[in-house]
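The annotation domain 'DNA primase large subunit C-terminal' is assigned in TrEMBL to 270-440. Positions annotated as [4Fe-4S] cluster binding site by TrEMBL: C279, C359, C376, C416. Feature annotation from TrEMBL assigns region 'Disordered' to 445-469.
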Amino acid sequence: MQFQRRHRKLGTNPQSELYLQPLQFYGEPPLENISLAEFETFAVERLKLLKTVENLGVSYVKHSSQYKLKMDNELRLLHFPYRPDTKRRKDHISHFILRLAYCQTEDLRRWFIQQEVDLFRYRFTDLPPQQKLEFLHKNNLKYNTLSDKEKNELSDKLLMSSYSVSGVTVEKLEFYKVPFQDALDLVRSRKVYLKAGFAFVPQQDIVTIVLNDFRTRLSKALALTARSLPAVHSDERLHPLLNHLSHAYLGQDYSIQKNVGKISLEQIDSLSGKSFPLCMRQLHQALRENHHLRHGGRMQYGLFLKGIGISLEQALQFWRSEFIRGKVDADKFDKAYAYGIRHMYGKEGKRADYTPYSCMKVILSNPPSQGDHHGCPFRHSDPELLKQKLQFYKVSPSSITQIMELVKGMHFQLACQKYFEVTHNVEDSSFSLSHPNQYFIESQKALGGGKDPKRDVDVPQKVQETSQHLAETAEDLEALFKDG
């Protein structure tokens with residue numbers, strides 16, 4: 001099956017010249033036909049790249065030597081090096097695919113812009129001076145560098161006005177002559193020398209101007225893309241795929257139960273305090289206190305329990321014993337709730353094998369309303385209530401401050417990972433958290449001295465909830481679980 005973004009009858013590839021450039025502003029969309037399989041593959045690989053950029057940007061000081069080294073290694077592992085022609089084609093097409101997926105809400109746009117800007121900065125900074133100048137000129141940023149004679153004449157003023165420049169480096173650095181209105185951030189912070197309406201910007205600061213331009217262009221482009229979404233959504237092949245991409249999970253498959261029954265129901269209370277992520281811990285606590293969870297909570301928590309190894313028989317016993325302690329008698333439970341639990345395990349209806357929710361699905365879909373306990377505490381809880389909860393769980397004040405800073409920056413998964421580190425006394429966890437069941441397994445490994453006592457065999461990595469699963473998303477399950 002072919003997907004046509006746009007078609008022009010030209011004798012040569014109209015973007016061959018574009019792919020010869022080491023960097024671009026993504027001003028021109030792809031013009032070629034690609035298959036849906038390639039469409040999805042490119043999108044998933046781009047998403048992995050941006051997730052890596054986000055994680056490294058919080059874990060390391062941005063643009064430090066350690067950050068650059070780690071970024072180089074990660075890009076190599078992701079098979080996303082920025083080399084001529086072929087890789088640039090994938091880079092170009094994948095960027096525009098994710099534009100379609102991430103233009104849909106303000107939160108998605110903000111996240112996408114930030115990661116793309118960080119990636120662009122890393123790539124631009126890595127360019128040699130001559131290629132930087134060529135890039136500026138090709139993108140109508142016609143800033144010329146000062147000649148050696150001009151630098152000598154202005155060396156004292158450049159030295160006094162540019163805080164990052166020493167007398168030794170003035171001669172070695174390139175300075176760009178920029179109209180002052182294009183460098184207002186640098187002018188405002190008094191980092192550049194001004195003369196005759198021009199700012200003289202050292203090479204390490206020209207990236208600030210370029211990034212502002214790139215951010216502005218990308219923001220406007222996303223707004224325009226959002227206006228065209230109705231036409232895109234009319235294509236039944238693309239609509240579910242694009243919705244899936246905005247909260248896609250790219251890690252291990254936790255729907256395949258390899259170790260069913262290795263956890264007893266009596267262990268759940270203890271495990272909830274030691275090895276459950278905060279979202280599942282609060283669901284378990286709410287269930288124990290209220291003897292009931294609304295449908296959103298039952299879906300999120302029930303699939304998590306399925307993923308850690310709770311069998312269907314155990315699940316029925318667990319939910320029945322808790323619900324009948326409240327306002328639901330055994331007969332009502334069997335009539336109103338048991339079918340939904342069996343459906344969750346693929347034993348009823350169309351017998352779909354529903355997968356436990358990933359972090360992105362928990363964060364981005366079905367936000368909790370009053371009386372609900374599902375969702376991500378780092379995303380959906382009031383900041384003060386979240387702080388109180390962390391204090392109640394004996395998290396130190398300094399760690400709470402670090403977690404809340406991550407929450408403020410909208411790095412919700414990284415905040416959860418920091419919660420993992422402080423509750424397991426780990427300085428730097430060796431994994432990138434993307435799934436509540438991953439949290440549980442890593443917790444069991446940490447508590448077991450590096451061994452995983454709950455799973456015998458690792459399940460191969462695969463992209464979750466791909467297009468073959470799109471028809472069996474949570475809509476059916478929600479309808480089954482809704483309270484009557």
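Note that Cβ sites are derived from N, Cα and C of the backbone, with glycine treated the same way.
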Neighbour tally for C376 ([4Fe-4S] cluster binding site), based on other Cβ positions within 10 Å of its Cβ: 25
C279, C359, C376, C416 excluded, remaining Cβ within 8 Å of their centroid ([4Fe-4S] cluster): P277, L278, V362, I363, P377, F378, R379, F412, Q413, P436
Per-residue pLDDT averaged over the domain 'DNA primase large subunit C-terminal' (270-440), given as an integer: 92
